[in-house]
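According to TrEMBL:
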- 96-236: domain 'Palmitoyltransferase DHHC' (DOMAIN)
- 20-39: transmembrane segment (TRANSMEM)
- 54-79: transmembrane segment (TRANSMEM)
- 142-162: transmembrane segment (TRANSMEM)
- 194-215: transmembrane segment (TRANSMEM)
Amino acid sequence: MVWREDMSQAYRRHSWPLKIVDRVFLLVFLFGGLLLTWYEGFLILPTYYSEVSFIVVVHVVVFVMLISHIYANMILLVLTDTSVRCRTHLPLVSQTWRFCQDCDAHVPARSHHCLNCNVCILRHDHHCWFTGCCIGYRNQRYFCVMLLYMFIMALYCNLFNYEFVCRLKGPLGFFNIISFAMPHVGWVLGYYDAYTFFVTTMSAIGFLLLLLFVWSLKNQAKQILYGQTQYEYKKKITCFDMGFKHNFNNVFGPHWFLVLIFPWIKSKLPGDGFVFQMKNT
């Protein structure tokens, strides 16, 4: 197998994403966590509790645990090379492989070329805008766990902030709901000040993110259940569905229960990302 020389640095494991839009989203993701930490810990929490108590410590510990798991899985996701070139010794080209014009090489089945990463990804699922890299065979576990903790964090923050928001804006009536949909309108028209506008905007973003994480988790759960990638799910390709247990282990490995708690734990996947069992084999 011969790779074009100008493609040798297409997938850079320890650098910024190749596309500017990916870099912007990644920076928003990184600094968004810092903004959320300040918002929850230094703006909202003191309005509930005037002094440090046991319940305050519990809230802080839960928040730190959640955000630590999110960023730990995000870092491991980005640093894990899931491109076709991540293997030094490639298996022999089989009939299931196809030729990629962009990479000028044969690539295994279920791999796809990502225009943003400019390389073929093993068992390509999708390109993640939040992290600026692709989700493939070797890093899907980190994406799923990160997504799970982001959902828990979003749910936790929305519930925690509810009383604070109601104190500031009043009960959730029709006009309040409209203000969350268009927070800038009320500010421009002078219905509330900049502080209320900021809280309204943060609350609206928090609720939208919760919906996004629920939708993303649902999609990932369906794909894992049937052993599919995003492309295979859309095209209704089910030939790689070997049962839930096999499909689940093919993403999280045998130590899935530890993966949920310790991001850095090793959980060796049953395959190599090049060859997959099929129903008729």
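Glycine is treated like the rest: Cβ placed from N, Cα and C.
Annotations in TrEMBL come from automatic prediction, not curation.
For the transmembrane segment (20-39), the most Cβ-contacting stretch among 54-79, 142-162, 194-215 is 54-79 (pairs under 8 Å). Long-range Cβ contacts of the transmembrane segment (54-79) within its own chain (Cβ-Cβ under 8 Å, at least 6 residues beyond either end) map to 13-14, 29, 33, 36-37, 40-41, 45, 128, 130-133, 135, 139, 142-143, 145-146, 149-150, 152-153, 156, 160, 263-264. Model confidence over the domain 'Palmitoyltransferase DHHC' (96-236) stands at 92, taken as the mean pLDDT rounded to a whole number.
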